[in-house]
């Protein structure tokens with residue numbers, strides 16, 4: 001039956017799809033041969049810290065909005081109703097906290113890698129553990145992001161599977177390796193526009209064919225797809241206001257607060273103020289993206305009702321259902337199916353290129369530079385480009401492995417989703433709790449990862465081993481933090497509420513990040529107190545955000561001092577003078593202060609003295625406590 005309804009692209013569709021790939025490559029080539037031509041690591045990995053607010057905010061959005069989300073959100077709404085829309089409530093705190101806590105700390109320390117913070121705050125071993133954890137999660141995720149849309153496209157249109165995988169993998173590798181972060185950000189801007197255009201085209205045409213928006217709403221209401229506010233506090237319920245609105249905050253923090261792909265964009269901004277504004281600008285864009293996904297799901301329901309293409313056997317999985325709907329709605333409009341597929345692949349390209357760039361950065365800054373201190377700028381830049389290409393090839397290999405996994409695909413993405421929470425926990429431990437020490441951070445991170453894998457794998461195994469086969473609805477959950485959400489298998493059963501360990505395995509996937517990050521903080525603090533908590537004088541300036549001092553403002557000063565709650569967030573000039581890592585640009589003949597730092601100081605109103613602004617007396621050794 002599936003063969004009968006398989007649809008095919010017209011020539012115009014192929015042309016539009018090809019234009020997307022050519023334009024993305026063209027932007028990479030432009031930045032490879034213009035401006036500074038990516039000749040320094042600062043320019044290649046951080047866009048020379050010269051980016052404006054608008055492109056950075058659109059790039060932040062594009063990294064979040066992957067092909068998994070474009071395919072997953074409408075099918076989620078079609079199947080379960082609009083309850084998922086309440087995730088938008090978590091965006092407010094999920095972006096406000098990074099804007100006013102994480103960005104000021106990272107930006108004022110002038111880092112290149114988010115994991116440099118872990119060495120400044122704790123020790124080199126914590127930094128390496130954080131970096132390796134991040135690389136693990138990104139490598140797993142890249143292959144799936146590349147393979148999932150290509151598989152859906154192949155199933156519905158007969159589009160060559162490995163041709164699509166190779167096209168995406170090679171194009172994103174090419175422009176990332178040639179144009180650096182500047183090319184990645186500007187292609188993200190272009191791809192975001194394509195994503196919006198593709199989704200809007202489908203919604204407008206689909207709504208018109210269904211008889212107008214009022215008719216779409218009426219059918220959705222009659223089909224019980226318009227959900228009210230569900231205030232059930234049960235953490236085992238898959239989607240309620242609390243799991244989405246509160247649990248979602250932790251997912252957002254894991255992505256927008258401490259994920260290297262996003263932190264790198266903040267650090268590429270010209271000033272701290274522009275970095276914060278770019279985070280603010282993401283908020284309305286995300287609401288639009290979420291609304292578009294929900295609208296498309298409702299238009300799908302208005303077209304098919306309860307008899308979905310999945311039930312009729314036209315497609316095999318929910319993620320293929322969205323693409324089938326698009327080809328069905330736009331079959332008489334040559335070019336528009338190509339536009340939506342370009343939108344889908346834009347989501348994948350923006351995610352993959354961000355992953356390549358962030359992986360090249362953390363590998364270079366955290367694993368290579370500390371152990372090879374004497375390296376010329378030209379060699380470091382060339383090595384960074386080779387790393388980007390290397391990760392591109394790894395991504396293609398992971399896509400091949402994803403094709404062999406079959407049903408294990410969901411387990412692989414669950415593993416990815418479980419890693420974001422512990423990483424968030426170790427950053428929170430360092431930033432908010434001055435007495436946390438290096439041992440506490442290491443044991444806390446290990447405990448968080450063990451807990452995450454125990455719950456995730458235990459949940460997967462217990463569902464597979466259930467004796468009475470329940471109704472299974474394999475849903476690709478929209479990629480709520482591109483880099484922190486798992487594809488979960490949702491079981492719709494009428495079984496009694498689970499107890500004991502089974503209750504832990506039944507925890508809503510939206511609480512994973514909150515549960516695992518809390519585990520890291522609690523275990524980290526306990527171990528720190530047992531092994532000797534650090535004093536205020538032991539800490540590097542600027543590595544603590546004084547959240548406890550602000551919350552305990554009513555305590556007398558002497559108690560605040562005992563609790564290490566008096567450290568203010570260092571002002572820019574002090575942090576600039578204390579910073580041992582990125583304040584000086586390494587040149588062929590050694591280390592020199594850059595003019596860019598003085599320019600940034602002027603823009604942020606910091607007084608420039610006649611003395612050199614870089615304090616070169618500090619060494620890396622001083623930062624490891």
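Placed from the backbone N, Cα and C atoms, the Cβ positions cover glycine too.
Annotations in TrEMBL come from automatic prediction, not curation.
The feature transmembrane segment, as given by TrEMBL for the ranges 382-402, 466-486, sits at 382-402.
The stretch that TrEMBL tags with transmembrane segment, taken from the ranges 219-238, 239-258, is 239-258. In terms of C-beta pairs under 8 Å, the stretch of 14-33, 53-72, 239-258, 509-530 lying closest in packing to the transmembrane segment (84-107) is 239-258. Remark: the transmembrane segment (382-402) makes no contact with the transmembrane segment (53-72), by the rule of 3 or more CB pairs under 8 A.
Contact between the transmembrane segment (509-530) and the transmembrane segment (239-258) is supported: at least 3 Cβ pairs lie under 8 Å, counting only residues 6 or more apart in sequence. Taking every recorded stretch in 53-72, 128-149, 239-258 and counting its Cβ pairs under 8 Å to the transmembrane segment (193-214), the highest total belongs to 53-72.
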